[in-house]
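**Student:** Next up is a structure, given as structure tokens.
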């Protein structure tokens, strides 16, 4: 089996990366950073996001597994003292994969109707470069509202525990193929009105965001911050691709949520 290891870059993570590589090579596995079948992410959720984007062009051929070396990583199943157990599992145990939905973001520009396509594992946020964001929000081709406020966040089910949660959005189980639209500090008064609640859009619905005046946007795709100029529209929907995580032992989604936000309790 071909593998690659991605590290956060700190001393602890780099040391673990070297150990994991050495152990797996001892089991006659092949280190291949271009076309790995499994990618071990050592660090936190940011490290896994980096690995996801690096291999986003081969998601149907690559599975991910996380080892967290700092605070609890939401995407990580393993801790540093378990790496020998993890290596044995990778080398000796047939694993199954779980698939999570992704967010597709298509930015269309006025010039020649040019398009750029992105995939997000967690979320996409859209903000104006200066002042409030003013944009029409269309759902499934129909005008839903004109938004005025700080910005908009569109998240995946697995990303619903990240920025979306801080905005008051719901936590969605990743077995549900949907995206969530949450508002950032919307302006609501007698003149301007928005729905004021997060919206859950199924896989056959898309969300189109069209600027009313400002055409330069700051768009984030997970950990990436991008400046887009002369934007005509931004379309978001559930992607056809899915991310695959290698599972060597049960770790239910709601258990992850409990451990991350509530703790184990007494």
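The backbone N, Cα and C atoms fix where each Cβ goes, glycine too.
Fair warning: this is a prediction, and the values are worked out from it, not measured in the lab.
Swiss-Prot lists these features:
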- 45: active site, proton acceptor (ACT_SITE)
- 45, 46, 122, 123, 148, 158, 161, 162, 163, 164, 165, 166: NAD(+) binding site (BINDING)
- 150: ATP binding site (BINDING)
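Describe each of these features in terms of where it is and what it packs against.
**Tutor:** Using a 10 Å Cβ-Cβ cutoff, residue 45 (active site, proton acceptor) registers 26 neighbours.
Same-chain residues at least 6 positions away in sequence with a Cβ under 8 Å from that of residue 148 (NAD(+) binding site) are, in sequence order, 132, 133, 134, 186, 187, 192, 194.
For residue 150 (ATP binding site), the same-chain residues lying six or more positions away in sequence with a CB closer than 8 A to its CB are 127, 132, 133, 184, 185, 186.
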**Student:** Suppose we draw a 10 Å sphere around the Cβ of residue 161 (NAD(+) binding site). How many other Cβ atoms does it contain, all chains included?
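**Tutor:** That number is 21.
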**Student:** Would you count the other CB atoms within 10 A of the CB of residue 122 (NAD(+) binding site), including those on all shown protein chains?
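**Tutor:** Taking every protein chain into account, the count is 27.
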**Student:** Using only the residues recorded as binding NAD(+) (45, 46, 122, 123, 148, 158, 161, 162, 163, 164, 165, 166), report the maximum Cα-Cα distance in Å, whole number please.
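**Tutor:** With 45, 46, 122, 123, 148, 158, 161, 162, 163, 164, 165, 166 as the binding residues for NAD(+), the largest Cα distance is 31 Å.
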